Amino acid sequence: MSAKARGYVALMKLRVVELLLITTVPVMMLAERGVPSLRLIAVTLVAGTLAAGSANTINCYVDRDIDQMMGRTKRRPLVRATVTPTEALTFGIVIGIVSTLLFGFLVNWPSALLADGAIAFYVFVYTLGLKRRTPSNIVIGGAAGCFPVLIGWSAVTGTVGWAAVLLFAVVFFWTPPHFWALAMKFRDDYAAAGVPMLPVVASVQVVTRRMLGYAYAMVAASLAVAPVASTGPVYLVAAVAVGAWFLVESHRVARRARHGEDPRPMRLFHMSITYLTLLFVAIAVTALV
């Protein structure tokens, strides 16, 4: 693969996309109460990857000025000039259009509209509107990362059900503690770039208290899924177990911050990925039993 081709792939941030798509297939299975057709799953995943890649690519285009100031992002293709800004913007728009067409003609148009809404929300509301203006950027803007749940449900049913809305809420409340843990680690990067992430503008005690609050909201939403989606005992036991695990770790981070110790936020960051994966695996299992 040429350097430019690798640059285009890097712009899509496929490692982030993987995390988003972890939620999609289990939700499709829950909506189907079984395994949907492999064709539908494949098209939904490909189109979803292109939609998320489109949003990420355009985000890189907009943020190329601050990416060069941050150690975590200074090796991105636009900073290293592997891909030109015009090429990146064109690529982002084109794969977004391809995503829309795949969803519209091979899945359904409600899913296409949801994918377009996710791209627009991430680019215009988060990247252009909130990211450099308010510490609430990731709280509101993080909603873009919840759309795969709605898209997965819509791909199977053509509508958005209450179970999908509650799972959207789970991911929505999961996002702040997940992302703020990372932002605590790279606080100096965000400060140097002038991005007012909460860990930049608030004390570590304030940040960890808010993370804990969102963790409780996330667990509450995950438990509410059980009666609404009629998931049965397998999901409920899993939601209680992994939810308790997440809350214990969130309390540990808050307690260490309160005592003036290093909260070691990356431990919670990595654990949050495991939490989300296990919760949605439980949803997939529920759909099969």
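Glycine is no exception: its Cβ is also placed from the backbone N, Cα and C atoms.
If one looks beyond the transmembrane segment (9-29) by at least 6 residues along the same chain, the residues whose Cβ comes under 8 Å of a Cβ in the stretch are 1, 35-36, 40-41, 44-45, 48-49, 52-53, 56-57, 60, 76-78, 82-83, 88, 91-92, 95, 145, 148-149, 151-153, 155-156, 164, 167, 171, 273, 276-277, 280-281, 283-284, 287-288. For 9-29 (among others), the entry in Swiss-Prot reads transmembrane segment, with the evidence type sequence analysis.
Annotation source Swiss-Prot lists transmembrane segment at 40-60 (among others), citing sequence analysis.
Summarising the annotation, Swiss-Prot assigns transmembrane segment to 89-109 (among others) and lists sequence analysis as the type of evidence. Non-local neighbours of the transmembrane segment (89-109) in the same chain are 8, 11-12, 40, 43-44, 46-48, 50-51, 53-55, 57-58, 61, 83, 115-116, 119, 151, 154-155, 158; each lies 6+ residues outside the stretch with a CB under 8 Å from one of its CB atoms.
The annotation transmembrane segment is assigned in Swiss-Prot to 110-130 (among others).
The annotation transmembrane segment is assigned in Swiss-Prot to 134-154 (among others) on the grounds of sequence analysis.
Taken from Swiss-Prot, the feature transmembrane segment applies to 155-175 (among others). Long-range contacts of the transmembrane segment (155-175) within its own chain (CB-CB distance under 8 A, at least 6 residues past either end) are made by residues 23, 27-28, 30-32, 36, 40, 44, 103, 107-108, 110-111, 114, 138-139, 142-143, 145-147, 149, 214-215, 217-218, 221-222, 224-225, 228-229, 272, 275-276, 279, 283.
Same-chain neighbours of the transmembrane segment (190-209): 66, 69-70, 131-138, 180, 183-184, 250, 253-254, 257-258, 263, counting only residues six or more beyond its ends whose CB sits under 8 Å from a CB of the stretch. Taken from Swiss-Prot, the feature transmembrane segment applies to 190-209 (among others).
For the transmembrane segment (228-248), same-chain residues at least 6 beyond its ends with a Cβ under 8 Å from one of its own Cβ atoms are 30, 162-163, 166, 212, 215-216, 218-219, 222, 271-272, 275, 278-279, 281-283, 285-286, 289. The annotation transmembrane segment is assigned in Swiss-Prot to 228-248 (among others).
Per Swiss-Prot, the feature transmembrane segment maps to 269-289 (among others); the stated evidence is sequence analysis.
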